[in-house]
Amino acid sequence: MVTLQLVGSLRKELADSLSTCRLLVVGAGGIGCELLKNVVLTGFKNIEVIDLDIIDVSNLNRQFLFQKKHVGKSKAQVAKESVLQFCPTANITAYHDSIMNPDYNVEFFRNFMLVMNALDNRAARNHVNRMCLAADIPLIESGTAGYLGQVTVIKKGLTECYECQPKPTQKTFPGCTIRNTPSEPIHCIVWAKYLFKLVELSSMVLTNQFYFYLSQLFGEEDADQEVSPDTADPELSWNPADTETRATASDQDGDIKRVSTKAWARSTGYDPVKLFNKLFKDDIQYLLTMDKLWKKRKAPLPLDWPEHQKLTCPQGVTGMGLKDQRVFGVAGYCQLFSRSVETLHSMLADKGDGAELVWDKDDPPAMDFVTAAANLRMYIFSMNMKSRFDIKSMAGNIIPAIATTNAVIAGLIVLEALKILSGDVEQCRTIFLNKQPNPRKKLLVPCALDPPSANCYVCASKPEVTVKLNVHKTLVLALQDKILKEKFGMVAPDVQIEDGKGTILISSEEGETEANNCKFLSDFAIRNGSRLQVDDFLQDYTLLVNVIHCENLEKDVEFEVVGDAPDKAPAPTRSQEEGKNVANGNKESSEPSTSSEAPAEQNDILLVDSDEEVPSSSTMAVSMESGGHKRKLHDAETGEASAKRQHLSQPSADDDNDIIALD
């Protein structure tokens, strides 16, 4: 095989830098596959890639490093093997693991000259952002959503970090996460909407000698809309050695029949118990056979209908206020699931043969169904269940990943990397890939990098925030999980009360402070004005939390962040050429190039309706309220208003914010 590389077209000094540069690529999915191919062909020789995921059959339409025979294997390992065929002399190390594993600490990150993110979730992005800041390593962030894409560079002290700007709720999620490994309530809510009838995924389910396209019970049938694990398709053989055998068995399926879910559901009379057992017991038991999924995750717990029907009334009701704002126990949601299925079946029957129901969040039976199904799945995967009110407000829009978008973004990432390795970090830009050409007929729009935000609680020299809460009602466990981990993105926080005695409230060492979890903050003399020092040693991150006691928070609001980091490290002087239109390839080019690089920022896709390079600074945003929230621009694609940065006064109608592609 002939090895083709770009070394001949690069300056010798730059080519030498590529060959000696130690590069970390985080993620080997849609963008990651294209990126790994690009970096080896560009001349990078020392590459380490990490990805926790296993190859799914749904990946094969765009993640070209993978083939049918690879399904069920580690993405990182297979990507390494495939890329070595492009450049056998490359030194590539693959890790089938989570980048949030404590083994990959700050010292690990300091081994690299450059980090490239090709991730699909915000928690991992936040973590890598903090690790690169702690190690003082340049990070190239990226994201795609359908035909939209974005790349940006993050450099400590020079640019905004990934968390400098507030992020709206994530709107899209990887398909394999929805089906197999949900980790957040929104994953279960989207799954429940798929079940009723929503968007696009694919797999098949084997039950009682039947293959079922389990994607919708009441809506229009679509074989691409899936919620269940694939138990029959040979490509989902979790033991690679069984793949060939299962493939043969699939071709010789004998009396196995292929039936749509709706047809099967009709044949059972839409029996709620049979549906319950299929969705919350049989499918979960099958997921447990995929042992690779649970080596580093908590395994799900199948539900048993008879056991939960012993309880004749909703147990464990929590929350105050209206019924929609309360959270019921498992028995309550079992009953709600049964009632909603019966109601929807009746509605379907009233419409006559061939009828379909359309999902509508304002339709009570449809909302009951999604609330019950989502909460039962949350319980199975050890998550805190949500009220009907919360679930109704947590709708997600799935945008399919597109191979060409991934390819364009991966190319831009490498071009930004060339600037960094040339010592021209100040020439780096954020680049947005638009869905349609702007009035100047440009699809790629470069923007100058923003300086660090003065209100960032991550990259400030002394990060500090103020949290308003009720110390008599806030549990230590809520402080740990909802505030420190969920809100502030910590992995393993340690909390010490600044009370003159150094009282340890929370320890990351297992078992040391678990007895504190069910106690209120006030039990530890935490009151208005108390200060908590929070350390996450894995992230090398310290945050000072000022507590304000408040007994009149808004209904259903447990806490409120009312202050950020006031003390920001001064940013280096920016180039005077920043406001000018420059070539994207390198500073020596004489003409602007719209096909050039752009650093990866957040997955928050924002379209800019101009090809001129402009600052993407928050100084150009129109403030709607205090606290750093930006002007809300209408999202023409979803019909929603989403918080976005206003780079120019006339943003594209195709704006979309914080969209995470399915890759």
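Note that Cβ sites are derived from N, Cα and C of the backbone, with glycine treated the same way.
Curation plays no part in TrEMBL annotations; they are all automatic predictions.
What TrEMBL annotates here:
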type: BINDING; residues: Cys161, Cys164, Cys456, Cys459; note: Zn(2+) binding site
type: COMPBIAS; residues: 240-251; note: compositional bias 'Polar residues'
type: COMPBIAS; residues: 591-601; note: compositional bias 'Low complexity'
type: COMPBIAS; residues: 653-663; note: compositional bias 'Acidic residues'
type: CROSSLNK; residues: Lys167; note: SUMO1 cross-link
type: CROSSLNK; residues: Lys193; note: SUMO cross-link
type: CROSSLNK; residues: Lys257; note: SUMO cross-link
type: CROSSLNK; residues: Lys278; note: SUMO cross-link
type: CROSSLNK; residues: Lys435; note: SUMO1 cross-link
type: CROSSLNK; residues: Lys644; note: SUMO cross-link
type: DOMAIN; residues: 10-436; note: domain 'THIF-type NAD/FAD binding fold'
type: DOMAIN; residues: 467-554; note: domain 'Ubiquitin/SUMO-activating enzyme ubiquitin-like'
type: DOMAIN; residues: 564-658; note: domain 'SUMO-activating enzyme subunit 2 C-terminal'
type: REGION; residues: 224-253; note: region 'Disordered'
type: REGION; residues: 564-663; note: region 'Disordered'
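Where TrEMBL records a feature, it is marked here on the structure.
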| residue | record | Cβ within 10 Å |
| --- | --- | --- |
| Cys161 | Zn(2+) binding site | 24 |
| Cys164 | Zn(2+) binding site | 26 |
| Lys167 | SUMO1 cross-link | 16 |
| Lys193 | SUMO cross-link | 26 |
| Lys278 | SUMO cross-link | 21 |
| Lys435 | SUMO1 cross-link | 19 |
| Cys456 | Zn(2+) binding site | 19 |
| Cys459 | Zn(2+) binding site | 24 |
Inquiry  = Please list the DSSP helix, strand and coil residue counts for the domain 'Ubiquitin/SUMO-activating enzyme ubiquitin-like' (467-554).
reply    = 19 helix, 28 strand, 41 coil
Request  = Quick one: of the recorded positions Cys161, Lys167, Lys435, Cys456, Cys459, which has its CA closest to the CA of Lys278 (SUMO cross-link)?
outcome  = Lys167
Task = Given the recorded sites Lys167, Lys193, Lys435, state which is nearest to Cys459 (Zn(2+) binding site) when distance is taken between Cα atoms.
result = Lys167
Ask   = For Lys193 (SUMO cross-link) and Cys161 (Zn(2+) binding site), what Cα-Cα distance in Å is obtained after rounding to a whole number?
value = 34
Task = Determine, for the Zn(2+) site, the additional residues of the same chain whose CB lies within 8 Å of the mean position of the CB atoms of Cys161, Cys164, Cys456, Cys459; present them in sequence order.
result = Leu133, Glu160, Tyr162, Glu163, Pro452, Ser453, Val458, Ala460
Query = From the Cα of Lys167 (SUMO1 cross-link) across to the Cα of Cys456 (Zn(2+) binding site), what is the distance in angstrom?
reply = 12
Key: Distance from Lys435 (SUMO1 cross-link) back to Cys164 (Zn(2+) binding site), taken between C-alpha atoms, in Å   = 26
Ask   = Whole-number Å distance between the CA of Lys435 (SUMO1 cross-link) and the CA of Lys167 (SUMO1 cross-link)?
value = 22
Note = Lys167 (SUMO1 cross-link) and Cys161 (Zn(2+) binding site), compared by Cα position, are separated in whole Å by 12
Request  = Calculate the per-residue pLDDT averaged over the domain 'SUMO-activating enzyme subunit 2 C-terminal' (564-658) and state the result as an integer.
outcome  = 35
